[in-house]
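Here is the structure we will look at.
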Amino acid sequence: MNVLKVSRWTIAAFVLPCLLLYVILVFVPIIVSFYNGMLDWNGIGTSKFVGLSNFDKMFTNDAYFWPSVRRTFLLAGFSMLVQLPIALFVAILISRYVRKTGFLVSSYFLPVILSVVVIGQLWKTIYNPASMGGMINQILIKLGLDSWTHSWLTEPKVAIYSIILVALWQYLGYHILIQFTGIQNIPADIYEAAKIDGAEGFKADRYITLPLIVPIFKISVVLSFIGSLQSFDLIMVMTGGGPAHATDVISSHMYNMSFLSMKYGYGSAIACFLVVVCLAATLFINLLFNRLDKRFS
Amino acid sequence: MSQSVSITVAKPVAETRRSRFTFTKGIVFAFFGILLVTQLYPLIWLLIYSLKTNEEILSGNFFALPSVWQWSNYSAAVEGGNYWKYLGNSVLVTSVTMVCVILLASLTAFAITRFRWKYGQVVLLIFLLGMMIPMQGTLLPLMIMFKNIDILNTHLSLILPYIAFQTPIAVFILSGFMKTIPQEIEESAIMDGAGVFRIFGSIVLPVSIPPIMTVCILAFINIWNEYIMAATFISAEKLKTLPFGVYSFVSQYSVNYGAIGAFLVLGALPVILIYFLLAEKITKGMVAGAVKG
């Protein structure tokens with residue numbers, strides 16, 4: 001039980017500044033967003049209440065909306081099915097084979113802390129045509145694979161995968177670090193006991209590391225899923241959603257609608273969709289892992 | 001006698017194990033090496049790129065070092081790109097935000113964990129709920145709000161939402177820590193006649209330095225790198241923060257490749273320097289942030 005008995009005013013002085021700022025700048029805007037989503041408004045002139053017609057248009061009559069949702073989930077899928085397993089594999093290998101882990105882990109982690117603008121521009125330069133000094137195309141030409149060269153960010157079919165690669169590259173180190181820390185927190189005596197019972201090496205990983213890493217793995221899954229849903233800066237920096245909407249995801253579509261096409265009402269409707277999907281996804285993943293947890297224990 | 005026996009028996013076992021070890025170990029370390037190259041080489045490549053002339057960049061010898069190191073690229077970037085201005089703005093915005101986040105969040109966390117009142121857990125829940133809200137959803141309403149109260153295009157329009165979006169994780173980490181401070185400390189402080197503010201300022205806050213460091217690191221990385229709000233709320237050249245400055249420099253100087261590379265290096269440099277000094281603290285802080293988030 002907390003001991004400090006204080007007056008209401010003291011409590012208010014401690015809590016209110018933070019809470020008010022937070023509610024006004026985070027909760028109120030979301031609620032306003034839901035209302036704005038029902039307006040036909042360009043942000044400056046008079047607004048007209050149009051009910052749910054923005055949402056109706058979004059779901060049934062916007063050629064770019066569903067493709068942008070599909071790409072968002074494509075990124076999430078790649079992140080969860082490619083990036084996370086690789087990260088787990090690397091984390092297991094590091095914890096088994098490396099004695100001084102600091103250098104390796106912090107080197108892998110380095111791209112995570114860099115600004116997405118720097119990362120995006122760096123990779124834009126790497127993806128440039130060979131005539132503009134792009135590294136990948138220059139390597140391909142050196143190897144005699146001229147036919148494999150692409151203008152990676154301007155060909156509609158290739159562009160989204162080029163961006164996904166960068167996202168996977170940047171955050172791989174984050175997931176390695178998280179899962180590596182998780183493995184290190186598994187008590188060593190469990191492995192020793194297993195050794196006596198004859199479980200060593202990959203067998204120990206299968207029966208000890210994997211089940212015990214589930215809670216930490218969940219964190220990675222949530223981060224990668226929510227991160228993918230909110231992936232935004234990288235796309236804005238690298239392509240802005242182009243060419244011809246070929247790399248639009250939900251949030252970049254929302255941004256372009258609100259700030260470039262000046263359809264504030266419609267943009268708000270997309271923002272609401274994003275908020276709802278984020279909340280639903282977090283709930284869903286938590287439920288899923290609770291089940292998984294029960295099955296393992 | 002028994003000793004010598006055990007040694008002769010143990011030896012061959014150890015040897016075979018070691019030889020098997022070296023083979024798999026070799027493969028594993030080769031794999032680590034490849035991964036190290038893929039994670040770091042783009043950054044090293046950028047560094048070399050930033051010191052080349054346009055001709056060298058376009059010639060296609062991406063492995064080659066520059067024949068003459070073009071430091072002029074850096075002076076072009078610093079002078080043409082307002083580097084110091086952007087850096088100063090970033091330092092200002094980030095430091096003000098960090099101080100406010102720590103102050104506000106630790107006050108709230110203190111109230112949640114140490115005061116005897118009914119709604120502590122409710123407040124904590126409100127903050128937790130907010131962690132799931134995507135920042136992009138608030139962009140448009142915030143812009144209209146800031147326009148109405150006339151702070152759009154000032155540093156305040158960045159600092160306020162930055163504080164708001166950093167508080168949930170900060171409150172969560174700090175209250176998690178403050179819960180563990182033994183109550184005897186307060187009890188004896190009350191005996192000595194210390195008031196609530198005194199207890200907070202001279203006992204709880206100094207003890208909480210480790211979690212405050214974690215909060216600082218998380219806030220620093222997030223705010224220093226933030227781009228979208230900066231690009232949406234700020235339009236005046238002299239107010240831009242570093243990521244936005246990097247972006248505008250790149251779009252303006254699209255033909256001077258070396259200078260672009262130099263500006264990107266300069267943009268990454270502050271964070272990399274801090275990372276070199278505090279790598280372990282930063283990785284630990286980021287994990288703590290992820291795990292508690």
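Cβ coordinates come from backbone N, Cα and C, glycine included.
Marked as transmembrane segment by TrEMBL: B:27-48 (among others).
Positions annotated as domain 'ABC transmembrane type-1' by TrEMBL: B:87-278.
Taken from TrEMBL, the feature transmembrane segment applies to B:91-112 (among others). Using a Cβ-Cβ cut-off under 8 Å and counting only residues 6 or more beyond its ends in the same chain, the transmembrane segment (B:91-112) has close neighbours at 120-121, 123-124, 127, 155, 158-159, 162-163, 166-167, 170-171, 174-175, 177-178, 200, 204-205, 208, 212, 215-216, 219-220, 223-224, 241.
Here the transmembrane segment (B:124-146) has Cβ contacts under 8 Å with residues 108, 112, 152, 157, 161, 165, 167-169, 171-172, 175, 228-229, 232-233, 293 of the same chain, all six or more residues outside its ends. The transmembrane segment annotation in TrEMBL covers B:124-146 (among others).
Feature annotation from TrEMBL assigns transmembrane segment to B:158-178 (among others).
Here the transmembrane segment (B:199-224) has long-range neighbours at 90, 93-94, 97-98, 101-102, 105-107, 110, 114, 162, 165-166, 169-170, 173-174, 176-178, 181, 185-186, 189-190, 242, 270-271, 274, 278, 281-282, 284-286, 288-289, meaning same-chain residues at least 6 beyond its ends whose C-beta is under 8 angstroms from one of its own. The annotation transmembrane segment is assigned in TrEMBL to B:199-224 (among others).
According to TrEMBL, the transmembrane segment annotation covers B:257-278 (among others).
Through the fold, the transmembrane segment (B:158-178) approaches residues 93, 96-97, 100-102, 104-106, 108-110, 112-114, 124, 127-128, 130-131, 135, 138, 142, 151, 204, 208, 210-212, 214-215, 218-219, 222-223, 226, 229-230, 233-234, 241, 288-289, 292-293 of its own chain, all at least 6 residues removed from its boundaries and within a Cβ separation under 8 Å. Beyond its flanks by at least six residues, the transmembrane segment (B:257-278) meets 43, 46-47, 49-54, 57-58, 70, 73-74, 76-78, 80-81, 83, 87, 90, 217, 220-221, 224-225, 242-243, 245-246, 249-250 of its own chain at Cβ-Cβ distances under 8 Å.
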